Amino acid sequence: MKSVITTVVGAADSASRFPSASDMESVQGSIQRAAARLEAAEKLSANYDAIAQRAVDAVYAQYPNGATGRQPRQCATEGKEKCKRDFVHYLRLINYCLVTGGTGPLDELAINGQKEVYKALSIDAGTYVAGFSNMRNDGCSPRDMSAQALTAYNTLLDYVINSLG
């Protein structure tokens, strides 16, 4: 999985050079933000099930059939379970990104090819956007986590939302 550190080192190595001053500044910034990212990862690990369930509830409140594609889900219970499973999967990848300090886990294990998969399954990505937007708007500092941790978490949610758009 890629992180800022592995990306910087890999780029320098590919160019047969030592990391530059700007490379080192990038790594230093990542290290300085690490405490906030790890706080967000810890809070997410402890609350992922409730976060995913609130997202599912928001999706089904906005889209009663659970999908806005061509084929509404046949069984609301099964659809909700699958929707929650998908949100939990994304939250786990977001957690990995918070730990590594990069978007590699999301890029490699979720974002690449997601639009094609959703289209093939007749699932409108808008349902996921609604759920991720709910997650983003539901987070509160200092109730849930510090402002810096919430920013790190929300940045990754925005990354996912934008990839679906």
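Every residue gets a Cβ built from N, Cα and C, even glycine.
Swiss-Prot lists Cys75 with the feature phycourobilin binding site.
Secondary structure at Cys83 ((2R,3E)-phycoerythrobilin 1 binding site), taken from DSSP and collapsed to helix, strand or coil, is helix. Feature annotation from Swiss-Prot assigns (2R,3E)-phycoerythrobilin 1 binding site to Cys83.
Feature annotation from Swiss-Prot assigns (2R,3E)-phycoerythrobilin 2 binding site to Cys140. Within its own chain, Cys140 ((2R,3E)-phycoerythrobilin 2 binding site) has Leu150 as residues 6 or more apart in sequence whose C-beta sits under 8 angstroms from its own.
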Around the Cβ of Cys83 ((2R,3E)-phycoerythrobilin 1 binding site), other Cβ atoms within 10 Å, all chains included, total 25
